[in-house]
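So Swiss-Prot says this about it:
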{"type": "BINDING", "residues": "Glu38, Glu40, Glu199, Glu201", "note": "Mg(2+) binding site"}
{"type": "BINDING", "residues": "Leu554, Asn555, Lys578, Asp603, Asp625, Gln683, Phe684, Ala685", "note": "S-adenosyl-L-methionine binding site"}
{"type": "BINDING", "residues": "Ser574, Asn575", "note": "mRNA binding site"}
{"type": "DOMAIN", "residues": "565-850", "note": "domain 'mRNA cap 0 methyltransferase'"}
{"type": "REGION", "residues": "1-544", "note": "region 'Triphosphatase-guanylyltransferase'"}
{"type": "SITE", "residues": "Arg80", "note": "site 'Essential for RNA triphosphatase activity'"}
{"type": "SITE", "residues": "Lys110", "note": "site 'Essential for RNA triphosphatase activity'"}
{"type": "SITE", "residues": "Glu131", "note": "site 'Essential for RNA triphosphatase activity'"}
{"type": "SITE", "residues": "Asp164", "note": "site 'Essential for RNA triphosphatase activity'"}
{"type": "SITE", "residues": "Lys166", "note": "site 'Essential for RNA triphosphatase activity'"}
{"type": "SITE", "residues": "Lys612", "note": "site 'mRNA cap binding'"}
{"type": "SITE", "residues": "Arg637", "note": "site 'mRNA cap binding'"}
{"type": "SITE", "residues": "His687", "note": "site 'mRNA cap binding'"}
{"type": "SITE", "residues": "Glu768", "note": "site 'mRNA cap binding'"}
{"type": "SITE", "residues": "Tyr842", "note": "site 'mRNA cap binding'"}
Amino acid sequence: MDKYISKTPLSCYFEELVDTFISVVNSINKVDESKHHEVELILFKPPIITLTNLYNMATTTESYIEFTMLPVDKPNTKFRNRIPLSKIHGLDVKNNQLVESLDGFIWEEKSLLLKKDISDNSSAIIKYSIEEKTLFVDYKRRNASIKLELVSVVRAKLRNIVIDFKMKYFLGSGAQSANSSSLLCALNHPKNKPSLYIEFEIMMQDKNISKKKLLEELNMSASALFLSHPKYIRLCPSINPILRTHLLKKQDIININTDDLYITSKTDGIFSHVYIEKKSIFCYFSHLGYIKEYTASREIEETIYLYAEMRKEESILYLTVIKVLKPCMEDRLSELAFVKNHLTGIHDRLVFVTKCYDGPFESSSDLVVSIEEMLKTEQEGIILFYSKGEDSTTDYKVKKDNTIDQCVNVIYRYMSSEPIVFNDKGSFLEYKRYSNDKGFPKEFSTGKLDLNGSVEYINNIYCIEIKHLNPCTGITNLVLPIKFIAEFSHNDELIQPRIDKTMKYLYESGYYGNQLSVIMDHLNDQKLRIGDVFEEEKLADIAAHMKLKDSMRLNPDGNYFLSNRVRGALGILSNFVKTLLISLYCSKTYLDNHSKRKVLAIDFGNGADLEKYFYGEIALMVATDPDDNAIETGKKRYNERNAGDKSKYYKFNYIKETIRSETYVSSIRQVLYFEKFSLVDWQFAIHYSFHPKHYSTIMTNLQELTESGCKVLITTMDGDYLDTLKEKKKFIIRKLLPETENYLSIEKIDDDKVLVYNPSSMSKPMAEYIVRRDTLIRVFREYKFKLIDSCNFKTIIDRNISFINGVSRLESRGSTKNFFELNRKALEECNDTDVLELLSHYMVYVFSKEV
């Protein structure tokens, strides 16, 4: 923090702005009414509280689509135009349609004449520009060079200055016509975040105005925005918490080391950094996002740096000291005496206090009893800390309500410009909640905000206003964009917006609240009470809930496949068959309603087929697998493919579950609720589950999760062929590999199982159940699934050889051309191998659920 307090205060920015304005005015000999001279200070990534304060004093609020083109022959110049949102009906409007809706050829030409960086703040600049009208006749022909943005503006026009708070959503280029390039997509997806700016512009209406009057007006308005005179404000980036506080799971309490361990109450305040030097007290309050300076009543001899928690009561700020960072102390208990001796009475509005604590404890039992007693009287929970040693740098918390932070995105619909929903009880907003899945937003659930006295939707700037906030923060109401971070209770109640976390979400990449794994830990911990930690049955219930119930797994848990395996002809041609199968049954031949394309992928593995379903244009996929590593790889693949703005993949959830489990349906219902699937993908995996002891569970799960007409895609080995094996059978599949690696072996080990091993891709053999055709058909028929398609892989390859070797050579699209080239090489590699024979023993089965 000390490196930021040495920076110039905000008042110096205004002095530099006024000096620039006076210099510009003196350089203008004659005023041309057709030109607008603009001198402005722009603050990037402003504190979000300034939006609220400016809205309270605003004279204008509006939104519009801004079109910007940078002419190649005119450096430092841009052409601009705009369409008010009031002239656009509905939000499902593509970029090229917006360009077509522009009227006339008169645009605004803005030329940048001066750009001055603030010396010690890269997020602040001063600009001098000239704006004038210009003709831009062929803009429709050059729409690919036009950038589109949705701009929402909150404006306060004073006597000599104009203050704008702008929120800009990037829409893409004017030539784009994809669904991902539309107003609807920009508003509905949390990855499309607005860029925020605050601009202070001095108007040219009075060239003879004095520097003193301009500074008075700027400082007065800034005092209202920043809640203090600008000379006491220092802008800075977000300062991270010094001390991390981790959730202590209740089942872990009995195992924690009690040496030098103490407990104290947890309060709901604002984390703050306090730096005291001589008579200056610098406070960084995390919800404000900048540093405020106060003057101490006496001079402090040594520099003091504190990490504290602020609560406001009436006009007094109570700062509960959590950690003294300067001077360095070995024992945190000695910090309490230091605060009392050095910081008492140093300011009439800043009161430094410490907490009472309990400890140390002789045993875990004493600790549990103390925690249980303290929780009876505490509103929030308790904090555990070590007074000294390496562990003293981390605090632990046990909360009454394990709250979580998640990203909220209000839901907009196609034909409506507003998200408000009406019912017999009033009006409300629907929103989606997103958790942070390793830097990507993962949809968690939905909710609604009742539009009552506490919440209002501000329709013309795509914001909401939340009132009656916790008074201890010093903020009673808050205006936020329709994308923000909120705190939720364990029972899904939206408690309050998180101002500091919202700024982190808006201004940093890859943050959407708590990680999904953290959220699940919090929710599972909520199911235990403190007193349950000594009851083995209660702990076992929680452990059983968290651990996959799959005691009858065919192969023991472990890694069976090599990480550096290279796919040969067998894998490539099998992939060709799967591609055709998925393309066919995702196509409109079978599913002509886009809303029905919901896929359940059973034992989905590492997600190799994700892209096939993207081109199948499905709406969503829920995948399940019992293996953590497979799920990790599958999620990573999905996130990589869904990373770009142009690549809007279908909604994807990956759950650790097995179709053999009685909890399978309830696990799926956590992400899909009451909808049913229209397509089930069970490729090269049914042979790990299809056994008489699992028939009832498997088929009941399938029946409950699928709608009428649902297609179940199954690929597996021909069980009737496997039944005939008398000894181990080897198929040569890679002639270029040594004899120890070039084969795939199948050995029947009993009446219902075979052992499969491919040394070039597997570290050890895997057992598979024998899936006999008649048995498969009979079991599926008992649960109202009818076989509609069946064929072996070789037949499909034979039917397509002429096309692969012939017409497909005319393909010019890069990925398609490479796909067929790969299959042509695979067919060539089949010579002198048993690949085609082996493919004749691989089967496709397609079942359809009867009405």
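Numbering starts at 1 and runs along the chain as it is shown here.
Even glycines carry a Cβ here, placed using N, Cα and C.
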Whole-number answer please: how many Å between the C-alpha atoms of Glu131 (site 'Essential for RNA triphosphatase activity') and Asn555 (S-adenosyl-L-methionine binding site)?
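With distance taken Cα to Cα, Asn555 (S-adenosyl-L-methionine binding site) is 72 Å from Glu131 (site 'Essential for RNA triphosphatase activity').
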For the S-adenosyl-L-methionine binding site, please report the maximum Cα-Cα distance among Leu554, Asn555, Lys578, Asp603, Asp625, Gln683, Phe684, Ala685 in Å.
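Result: 25 Å between the two most distant Cα atoms.
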Give me the long-range Cβ neighbours of Glu201 (Mg(2+) binding site): same chain, 6+ apart, Cβ under 8 Å, in sequence order.
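Non-local contacts for Glu201 (Mg(2+) binding site): Glu38, Val39, Glu40, Ile161, Val162, Ile163, Asp164.
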10 Å Cβ neighbour count around Glu768 (site 'mRNA cap binding')?
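By my count, 25.
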Nearest by CA distance to Lys612 (site 'mRNA cap binding'): which of the binding-site residues is it, out of Asn555, Asn575, Asp603?
Asn575
Can you give me the residues near the recorded Mg(2+) site, meaning same chain, not Glu38, Glu40, Glu199, Glu201 themselves, Cβ no more than 8 Å from the center of the site's Cβ atoms?
Val39, Leu41, Ile42, Lys127, Val162, Asp164, Phe200, Ile202
May I ask which of the recorded sites Lys166, Glu768, Tyr842 is closest to Gln683 (S-adenosyl-L-methionine binding site) if we compare their C-alpha atoms?
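The answer is Tyr842.
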Could you check which of the recorded positions Lys110, Glu199, Ser574, Arg637, Glu768 is the closest Cα neighbour of Asp603 (S-adenosyl-L-methionine binding site)?
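For Asp603 (S-adenosyl-L-methionine binding site), the closest Cα among Lys110, Glu199, Ser574, Arg637, Glu768 is found at Glu768.
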List the Cα distance (Å, whole number) between His687 (site 'mRNA cap binding') and Leu554 (S-adenosyl-L-methionine binding site).
10
Taking Cα atoms as reference points, which of the recorded sites Lys166, Arg637, Glu768 is nearest to Leu554 (S-adenosyl-L-methionine binding site)?
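That would be Glu768, nearest by Cα distance.
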